[in-house]
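According to TrEMBL, the feature region 'Disordered' maps to 1-24. Summarising the annotation, TrEMBL assigns compositional bias 'Basic residues' to 8-24. The annotation domain 'S1-like' is assigned in TrEMBL to 25-109.
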Amino acid sequence: MVKNTKGGNRHKKMASKNFKQQRTHKLRKIREDGEDYAMVIKNSGGGHCVVKCNSDGKERTCVIRGKFKGRNKRSNQIIEGGLVLIGLRDWEVVKPGKLEKCDLLEVYSRDQCSELKEVKGMNLIIDNDEENHDNIEFTNEEDMEDYVAENMKVSSSANSNLKTDLEETEFDWDDI
């Protein structure tokens, strides 16, 4: 490994001593009751994110543990639409109007998401996620730009007819 010769407070965070080798981890599946797969809906900040659970479809506030922050953040990116494994808090009492809380147990990479498709019952989240990201619409409606362009052609032809009519008529300049 190369030694950090540039120095500096900020640069030392990127030093090779902090670099982790990419390992192929065995896919972590649900082991116990109270664990569930979820999809990240939005990052709230402050170590929290909102997730939608696979089993019941509820939205919950997910607490991001310290294991997924700091040096380990790079290998555990929590992005919107990403899949995670969460632990439900059965012992916690929820105030009315608040979201239930859960703990983050595992973050799945894009490569692992394809393996998760084979897990029974996981297709619900993955299929819904793919359907929601289609931003292409096919319609037979006319765009406003096309409508304006056609009207400009019609009005320009009407203006040219008006110009020819005015040129053909003779004016008596003395009468003006």
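A Cβ is built for glycine as well, from the same backbone N, Cα and C atoms used for every other residue.
Unlike curated entries, TrEMBL annotations are predicted automatically.
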Worksheet item: Tally of helix, strand and coil residues over the domain 'S1-like' (25-109) according to DSSP?
Response: 10 helix, 34 strand, 41 coil
Worksheet item: Roughly where does the domain 'S1-like' (25-109) sit in mean pLDDT, to the nearest integer?
Response: 88
